[in-house]
């Protein structure tokens, strides 16, 4: 069973939120505490206006209404990056959606004749705003652990995947708990994930003491979550929380995710500043694609 619970809410809307300011230090302390306690927090961020959220929601409705063969043209050479469909879950993926040209490539896959200018612009603007939040959070985390000298190198070592997700409600006559699982319990493998859900709740996060909590962010806020690669980079100083999606009721659930992901060839290794007698090295250095492939094998499950 899960319980409703309010995760820490941290406001990133202040105009004075610049590195080095007292406001920055205050928010950084809140971010660190929330991530140490839960591995995630709710961020309120006024750049996600009501209009922008509505445009993204409408874009998702239009995209998912396309025929399956059309959606299957959303392909990528990267593992798990294109169109995915499993039970109640369906998803489209756009690499580097903070670059307008890349979003145009995505809409061109689905509408080869003319793309879709308004959907491209909406997804690009939305991704751009979330990237800004991702960069702030990662800078704060690195400052908190005294490894700010690696900030630029770290921020340049990643790229972004924007994922649009649709969860269909389970059939009426189905009481099987398993089928209500929109997405099974998992940790994210990347650096940071920023999730936004539209109108229908369903996301649950596991706490350190193994309790499932229902996460109900307000419409103008997002959930910021630590991924396994960040946990490894920080030598286990933060943890990546298990989370899942439970579908109850009759409404279709839409959500978006922005994932910061290590670029191909980047080796994830804890800086020596985070390794000492009390904190011996926990993870062998690894390359992200190898890590993903490992989780695809029996040993990794």
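Cβ coordinates are placed from backbone N, Cα and C, and glycine is handled just like the others.
Per Swiss-Prot, Fe cation is bound by 186, 188; the candidate from 154, 196, 239, 243 named for the same site is 243. Same-chain neighbours of the Fe cation site beyond 186, 188, 243, judged by a C-beta within 8 angstroms of the site's C-beta center, are, in sequence order, 183, 185, 187, 193, 225, 240, 241, 242, 244.
Cβ neighbours of residue 188 (Fe cation binding site) (same chain, under 8 Å, six or more residues apart in sequence): 225, 227, 228, 240, 259. Listed binding-site residues: 186, 253. The one with the lowest count of other Cβ atoms within 10 Å of its Cβ is 186.
Secondary structure from DSSP puts residue 186 (Fe cation binding site) in a beta strand.
Per DSSP, the domain 'Fe2OG dioxygenase' (158-262) is made up of 10 helix, 50 strand, 45 coil.
A 10 Å cutoff on Cβ-Cβ distances gives residue 243 (Fe cation binding site) a total of 23 other Cβ atoms nearby, all chains included.
A Cα-Cα distance of 16 Å separates residue 243 (Fe cation binding site) from residue 253 (2-oxoglutarate binding site).
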